[in-house]
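This report concerns only the one structure given below.
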Ligand code: UT7
């Protein structure tokens, strides 16, 4: 990190050929408390069988009282830094839908706790597509010379915003965090991220939303209605859009990288619902053995989903050096994205 006399971060200079973004570290963390399907059945009109067959989820992790998104983000960030050779970070980007508070952003707090005082740090709001939006943002920070290395964290504590009485969301969403260290490098080296494909369609913003808590609800003309402070999702329409958008974005990303779908060794999609993952992977003809998944253990962790999946898969070696990996995500906004990368050899995964 280079700071000027006023404590601001100084842009770096490096060779033009080193302006690709390369994965140099990964880490994930879920809080220790586990909620099983049977635990949910005790308070909701649902069943273990319904949850397993409709979502693929068996357990999920939830934060304990007093914990917040920054605690999840800090732990994942610490682990990602620990797995990187070079721990000098020039910017911290945090993708989250559940910041510790509406203002200020949570990233500066996380950065300071990681000892990164003075570096640019900010939050990104793209719901479950946040990690891929963050990847593109980090690539921009690196290409522009603002930072040589970026710590990108996806962290969400969805259990703090879902309605505990809403069986259609309470069984799916959970808490967790994942992070990657991204460095400037060459486009042809292992770990290099290909072009990041992103999209949005605000006409369908109503499909996934927390209606209250923003400027519209706070205005004098509009007061908060029942349940409007909670996360709401129109599941069926969201499901359809998720399959369509992730399939299209994946094709686009693969094509932009100069790959074909047969080149994909590992498919790491946002863990929204096991049936969605299967539908997208089937549509893309990704063989069953190439599909990474941890949804049965962690549920849908929003912006944390992809980096947490990468961290856990790297740890259990289902994701290994040289695997050509396709990432894709979809979420509220609507917002979606996809990108390719060849998994690198990391010092300690
Ligand atoms: O993270 C990114 C964005 N999120 C997603 O991509 C998630 C997208 N959607 C989904 O994962 C699924 O739509 C859900 C899991 C939310 C729902 O599954 P579904 O198979 O689409 O069910 P449905 O909404 O079509 O509902 C079928 C039935 C309904 O009952 P009726 O109307 O047929 O009598 C629901 O009330 O299942 C009922 N239901 C439940 N039953 C038992 C909904 N939730 C539950 C539940 N337990 N937890």
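Backbone N, Cα and C atoms are what each Cβ position is placed from, and that goes for glycine too.
Per TrEMBL, the features are as follows:
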- 122-202: domain 'Beta-ketoacyl-[acyl-carrier-protein] synthase III N-terminal' (DOMAIN)
- 128: active site (ACT_SITE)
- 255-343: domain 'Beta-ketoacyl-[acyl-carrier-protein] synthase III C-terminal' (DOMAIN)
- 270: active site (ACT_SITE)
- 271-275: region 'ACP-binding' (REGION)
- 300: active site (ACT_SITE)
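Overlay of TrEMBL annotations on the structure.
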residue : record      : DSSP class
128     : active site : helix
270     : active site : coil
300     : active site : strand
*By DSSP, how many residues in the domain 'Beta-ketoacyl-[acyl-carrier-protein] synthase III N-terminal' (122-202) are helix, how many strand, and how many coil?*
25 helix, 31 strand, 25 coil
*Do you know offhand how many angstrom separate residue 128 (active site) and residue 270 (active site) by C-alpha?*
7
*Once the chains shown are all counted, how many other Cβ atoms turn up within 10 Å of the Cβ of residue 300 (active site)?*
25
*Integer Cα-Cα distance in angstrom, residue 270 (active site) to residue 300 (active site)*: 8
*Over the domain 'Beta-ketoacyl-[acyl-carrier-protein] synthase III C-terminal' (255-343), what does the predicted model average in pLDDT?*
97
*What is the number of other Cβ atoms found within 10 Å of the Cβ of residue 270 (active site)?*
33
*Packing count at residue 128 (active site) (other Cβ atoms within 10 Å of its Cβ)*: 32
